[in-house]
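Asker: Features from TrEMBL:
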TRANSMEM  29-51  transmembrane segment
TRANSMEM  214-233  transmembrane segment
TRANSMEM  239-263  transmembrane segment
TRANSMEM  289-308  transmembrane segment
TRANSMEM  314-335  transmembrane segment
TRANSMEM  342-365  transmembrane segment
TRANSMEM  385-416  transmembrane segment
TRANSMEM  538-559  transmembrane segment
TRANSMEM  565-587  transmembrane segment
Amino acid sequence: MGCCSSASSAAQSSKREWKPLEDRSCTDIPWLLLFILFCIGMGFICGFSVATGAAARLVSGYDSYGNICGQKNAKLEGIPYSGMDHTQRKYVFFLDPCNLDLINRKIKSVALCVAACPRQELKTLSDVQKFAETNGSALCSYNLKPSEYTTSSKSSVLCPKLPVPASAPIPFFHRCAPVNISCYAKFAEALITFVSDNSVLHRLISGVMTSKEIILGLCLLSLVLSMILMVIIRYISRVLVWILTILVILGSLGGTGVLWWLYAKQRRSPKETVIPEQLQIAEDNLRALLIYAISATVFTVILFLIMLVMRKRVALTIALFHVAGKVFIHLPLLVFQPFWTFFALVLFWAYWIMTLLFLGTTGSAVQNEQGFVEFRISGPLQYMWWYHVVGLIWISEFILACQQMTVAGAVVTYYFTRDKRNLPFTPILASVNRLIRYHLGTVAKGSFIITLVKIPRMILMYIHSQLKGKENACARCILKSCICCLWCLEKCLNYLNQNAYTATAINSTNFCTSAKDAFVILVENALRVAAINTVGDFMLFLGKVLIVCSTGLAGIMLLNYQQDYTVWVLPLIIVCLFAFLVAHCFLSIYEMVVDVLFLCFAIDTKYNDGSPGREFYMDKVLMEFVENSRKAMKEAGKGGVADARELKPMLKRR
């Protein structure tokens, strides 16, 4: 590959040994400089937003007249009630906090600065008046005195919407936020269009709030199960496939059986003893159990059919998993890679959100149609948020690509070190060092290519969401087709990028050369790539299913026997989604290791033939893996001609 000569020239120079990992040089330096300049631009946006955005407006908040809460303000020309002294009024209070403007993504309500947030629900104007007299916190408009709350005809407009929900200040941001999350049910109703009955959504949200301790515990359980599975992979990789297969069979059968048992049990339970208020909840739970049971049955049947078709290829996967298990034994820090990547992403996302919030407070005060104050940016600077959005995608992809390059570098070091006792003390840190010194430009270029595909897809998805229900069938079909094609292209480029990073880690070539060489290797071994990806990914998918089924089964049992629950459809969905995401984060590292090992194996067999001076680097198990597959193809006779031809580029020197 890359800096090595082609296969034909390599055969002519058979006396010269091919040595990976030796030649190190910086790759794609122009792209590194471009990425640095882009980051400087992101820093400029952050500095501009902080310098002109009035951090006090973000942290302390401001009312609808441009006054910052908690300080004395200057008069704004032409704006009534501006320039007020709010030294004693440190909190922002919204007259109707649940009235959300989904289009402009803000609370569509008059905002006032108050001295204290109402900690208890205020049901009448008399309660609002008493709260103002007791706490010195006027919750009605500035031009209405507390003594006029119950007598003025304008109270219905100038005072908060009744009943005033109990609220508490948001830490560090001095906004009075309703304590009960169901206040925002209307916002969720606008997003979830399939819910026609508003009471259903209220019960779903109340179910989440009631079961929050169980949800947190089940999420922690999924994390523990994922780490346990990673440890098991390290030590029993030979029997892992069969263990996963048996456990998934038992888990799917057990989960399906439990769901049907619970459905039958609740259906037979007498409804005469249920109070009318709980009858609707019981019917919702019964309907949810029926849907879950039918879905689990269909899923179990499909799973069995897939496992029946792929049973003959399980033996090939075992050998590759065994070598990957050895990698995790020698490189234990690989298990913690998702943590570092997640931590880096969280830090960047926190920075990005804070900058976006500062951008929202930049600009000069402008009076809108309702006579209230908004801060808007004029001129070319109003398009800075586009640059900021591109930065979110590119830098996030860059961080993920750094993880791929780090894992690839560590596994490549393991594979091409003949004596494993000579491995670096921490191959992961050594790989990070090589990444920073030589290959940041390559990572920047690869992540930029993904960004170029992701941005058009996101734009098309946004257009599709905005035109939903307005476009004709042809336009809808074209939009969905374009989105699907871009999604497929993004997945293919992601896979090619990962292999390109592996080729860069081996030969220290630039991104384009590495991508070309990796593509050639993958094409030469197309059938084997398909087999490994199909069987290997399926086995790892079974691991994810096992974790989700175990967490979901525990959730069903806990939520079913909880006495004070309402509707637990949404809590169970949240738990299962989180369990799948956690399992995916951990097992994707294992999948990455398997892919890197295969590319190393293909390159090793391409440039070495086992003769003196050109010995193989591979593990003995991989050689047995090849020999067994060749024997199987010979026994297959003429039916295996195509497979034999596919193996030929890899093993032609043997």
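Placement of Cβ uses the backbone N, Cα and C atoms for every residue, glycine included.
Those TrEMBL annotations? Automatic predictions, nothing curated.
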Asker: Quick test of the contact rule: Cβ under 8 Å, at least six residues beyond the ends. What residues does that give for the transmembrane segment (289-308)?
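Answerer: 245, 248-249, 252-253, 255-256, 259-260, 262-263, 266, 538, 545.
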Asker: Should the transmembrane segment (538-559) and the transmembrane segment (29-51) be scored as in contact, given a threshold of at least 3 Cβ pairs under 8 Å and pairs 6 or more apart?
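Answerer: Checked: the transmembrane segment (538-559) vs the transmembrane segment (29-51), no contact.
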Asker: Which one of these stretches, 29-51, 214-233, 239-263, 314-335, has the most C-beta pairs shorter than 8 Å to the transmembrane segment (342-365)?
Answerer: 29-51
Asker: Please indicate, using numbers and ranges, the residues of the same chain that are 6 or more beyond the transmembrane segment (385-416) and have a C-beta under 8 Å from a C-beta there.
Answerer: 20-21, 35, 38-39, 41-42, 45, 327, 330-331, 334, 337, 340-341, 344-345, 348-349, 352, 355-356, 359, 423-424, 427-428, 430-432, 434-435, 439, 442-444, 446-448, 450-451, 454-455, 458, 497-498, 501-502, 504-506, 589, 592-593, 596-597, 600-601, 604, 617-618
Asker: So what's near the transmembrane segment (214-233) in sequence-distant terms, Cβ-Cβ under 8 Å and 6+ beyond its ends?
Answerer: 208, 240, 243, 321, 324-325, 328, 335, 543, 546-548, 550-551, 554-555, 558-559, 562, 571, 574-575, 578-579, 582-583, 585-587, 590
